[in-house]
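Some features that TrEMBL has for this protein:
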- 17-35: transmembrane segment (TRANSMEM)
- 31-264: domain 'Rhodopsin' (DOMAIN)
- 47-71: transmembrane segment (TRANSMEM)
- 91-113: transmembrane segment (TRANSMEM)
- 125-148: transmembrane segment (TRANSMEM)
- 168-190: transmembrane segment (TRANSMEM)
- 202-220: transmembrane segment (TRANSMEM)
- 240-259: transmembrane segment (TRANSMEM)
- 274-322: region 'Disordered' (REGION)
- 274-295: compositional bias 'Low complexity' (COMPBIAS)
């Protein structure tokens, strides 16, 4: 059969996407770690993101190598060695793809564990972690053993059996979309309950809602899977392209929420509100902080607030992390039965007056004296 030379550059757009992601995705993960190290908040969710970076880069490199051997060209145009290498890389890509998607979900769920103290939410998160972990492990093993013997995955003429890959990919895509939606919706109710300004709430909705784009790419990939039924497996790269987009955009998205503290370090007014009587100017004095045993004077009511304190701190400083931004949920929604009260006070230090918000944590109603 005569070779068709019209397909030589068919995978160029996938190649360009892989090269771009190989540059920008490590940058986002690096900045995430930098932000967390500066804030001394490095945690398990960061290490999960690092694993996602590693597997995503593996997928990108596999794709680039496969393109150099003929991925994106008609199968009839490849010699036996080229076809064998392309199919091996296609097989390994399926494994690293599943691992990247899984660790993206694990990373964001571990982040939720850091900022959601309520038992009901935490139990839901643990349930999702177990579900994602078990499903991803089983589908990865199934991907490795998609053919018996395994080598039949890249040596199609070998005697043996392969299960229907396209049906398995559809099942995996549906599961991924459902869990994406669950993870996306999980923090929204908590943000709604926050006693914050509308601007700050919209900021949080945006930070957590950025994952909707990952869900969109998952849906696009599912629609692209119809092309995977093409017996010319090396030519139609549309589903592979959306797989690359989904995994890499996922890594970028899980890095965005932890970057808030670094952004506010250089953009002090990012997502914060602050009131003052000097035209918004900031005092050069650091904001006061209070321990659990520190009494705070109620300058509005004219007397101290007596009682057992959970937390008290000045809000509005530029270094708030995302954990601090949603920390008042612990006072609003936690199972410990506390309430949260926010009052505006004026603090005077050495003749310099600075107005700010004090967040008061877990204290009972009987502990609160009348404010007005």
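Residue numbering: from 1, along the chain as shown.
From the backbone N, Cα and C atoms, a Cβ is placed for every residue, glycine too.
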Integer average pLDDT (0 to 100) for the domain 'Rhodopsin' (31-264): 89
Other parts of the chain folded back onto the transmembrane segment (91-113), taken as Cβ under 8 Å at six or more residues beyond its ends: 43-46, 48-49, 51-52, 55-56, 58-59, 62-63, 66, 121-122, 125, 128-129, 132-133, 136, 139-140, 143-144, 146, 153-154, 172, 176, 179-180, 183, 186-187, 211, 214, 240, 243, 246-247, 250-251, 253-254, 257-258, 322
Surrounding residues of the transmembrane segment (240-259) on its own chain - C-beta under 8 Å, 6+ positions past either end: 13-14, 17-18, 21, 24-25, 28-29, 31-32, 35-36, 41, 45-46, 49, 52-53, 55-56, 59-60, 63, 71, 93, 97, 100-101, 104, 107-108, 111, 207-208, 210-211, 213-214, 217-218, 220-221, 224, 321-322
